[in-house]
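What follows is a single structure, written as structure tokens, with notes after it.
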Amino acid sequence: MGLRKKSKNPAVFSHEFVIQNHADIVSCIAMVILLGLMFEVTAKFAIMFITVQYNVTYINIDEGTESISFYEYGFKDLATIFFYMLIAIILHAVIQEYILDKINRRLHLSKTKHSKFNESGQLAFFYLFSFIWGGSILTGEKFTTDPTLLWERYPHSHMFFQVKFFYICQIAYWLHALPELYFQKVRKEDIARQLYYICLYIFHVTGAYILNLHRLGLILLVPHYLVELLFHASRLFYFSDENKQKGFTLWALLFVMARLLTLTLSVLTFGFGLARAENQDFSVANGNFNTLTVRISCLAAICLTQAWMMWKFINFQLKKWREHTQNQIPRKKVANTKNKPSKKECKANTSNGTVKTESGTSPRARKAKAS
């Protein structure tokens, strides 16, 4: 893990050396890119990595000389995504070293819980940051109150700076999660599970960005991140104290509501809004992907993803229910054994075949009636 002090010095460029010092190596690469801004020869190349590209400025005729800046996407965005992927790796190492590792030392968790705690801790920070950022963007957008703006005047090829930078950072974060599986020494049994949701995030966020569906993607990501934030925060509290499970109940309710919201808006956008739009010509130059094949593919991808998430959710709830019932059965057995008298008590209460009362005296035998 980068930024950690180790007693052993592994061989240079060995696997252990890269894992222990990966944050320092990435920091050096980021510093080289930043130093490129100091020289005129390299400045124009360094700017591609640091600043958002493809700026388009329009002059508002109604309000005189006031200009409005929009952004489009292109191949230069790959350089920007690469740079902020490096920043995400550095921030990941800082959070792990100075926050999560210190908490782990106090909790003394097992290896399994230790791995899950680190995963939930990292994701909780990201979901919190993304939810606040995305929510602040949505407060200034009109399509939050008018869903018809999700498909009207499509393609929405022009984005504001905050919207484009939000998507750049989202793609960069989920791409950085792939090498982190190696840097964090994730267990083999957990790699497949994490790869599933990492690839799904990359696929959906990148698809919304390229297909000019950033409005729909943004309004779906923000509530989804809120639900995921609640789940990972509840799991962190559960690892600190197993009795704290109330957060999972609220998460289960919001999870189902978020799935319904996602399906509803997706069907409205692809099934009704874009299907009835006049402009349904495929044009990469204009950023128009409103064709029947693309609409069906997008809607099918969203529905299959939601079905997979509901399947995982149901299995998770069944697992928790089984654990709860298994914990209740031993308690009932203990309660029943406490109520039953032990063998020693039975022997103490009996003497020579006669039963003694609590005071220790045997009851008087009834006299037989004389016939």
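Including glycine, each Cβ sits where the backbone N, Cα and C put it.
It should be emphasised that the depicted structure is a prediction, and the values quoted were computed from it without experimental measurement.
Annotation source TrEMBL lists compositional bias 'Polar residues' at 348-362.
The domain 'TLC' annotation in TrEMBL covers 115-324.
Residues or ranges marked as region 'Disordered' in TrEMBL: 327-371.
Within its own chain, the transmembrane segment (21-39) is flanked in space by residues 1-3, 45-47, 49-50, 83, 86-87, 89-90, 92-94, 179, 183, which lie at least six positions past its ends and keep a Cβ under 8 Å from the stretch. Per TrEMBL, transmembrane segment is recorded for 21-39 (among others).
Residues annotated as transmembrane segment in TrEMBL: 81-100 (among others).
Per TrEMBL, transmembrane segment is recorded for 121-139 (among others).
Annotated transmembrane segment per TrEMBL: 159-183 (among others), in sequence order.
Under the heading transmembrane segment, TrEMBL lists 195-212 (among others).
Here the transmembrane segment (218-238) has Cβ contacts under 8 Å with residues 116-117, 120-121, 123-124, 127-128, 130-131, 134-135, 137-138, 141, 143-144, 150, 163, 166, 170, 205, 208, 244-245, 247-248, 250-251, 254-255, 258, 261-262, 265-266 of the same chain, all six or more residues outside its ends. The transmembrane segment annotation in TrEMBL covers 218-238 (among others).
Nonlocal intrachain contacts for the transmembrane segment (250-272), taken as residues 6+ away from its ends with a CB within less than 8 angstroms of a stretch CB, comprise 147, 150-151, 213, 216, 219-220, 223-224, 226-227, 230-231, 234, 295-296, 298-299, 302-303, 306, 309-310, 313, 317. Here TrEMBL flags 250-272 (among others) as transmembrane segment.
The transmembrane segment annotation in TrEMBL covers 292-311 (among others).
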Against which stretches of its own chain does the transmembrane segment (195-212) lie, if we need a Cβ under 8 Å and a gap of at least six residues from its ends?
73, 154-157, 167, 170-171, 174-175, 177-178, 181, 218, 221, 287-289, 294, 298, 301-302, 305
Given the transmembrane segment (159-183), which of the listed stretches 81-100, 121-139, 292-311 has the most Cβ pairs that are under 8 Å apart from it?
81-100
In the same chain, who gets a Cβ under 8 Å from the transmembrane segment (81-100) while lying at least 6 residues past its ends?
1-4, 22-23, 26-27, 29-30, 33, 49-50, 117-118, 121-122, 125, 168-169, 171-173, 175-176, 179-180, 183-184
For the transmembrane segment (121-139), give me same-chain residues lying six or more residues beyond its boundaries with a C-beta closer than 8 angstroms to one of its C-beta atoms, as numbers and ranges.
92, 95-96, 99-100, 103, 162-163, 166, 170, 173, 218-219, 221-222, 225-226, 228-229, 232-233, 236
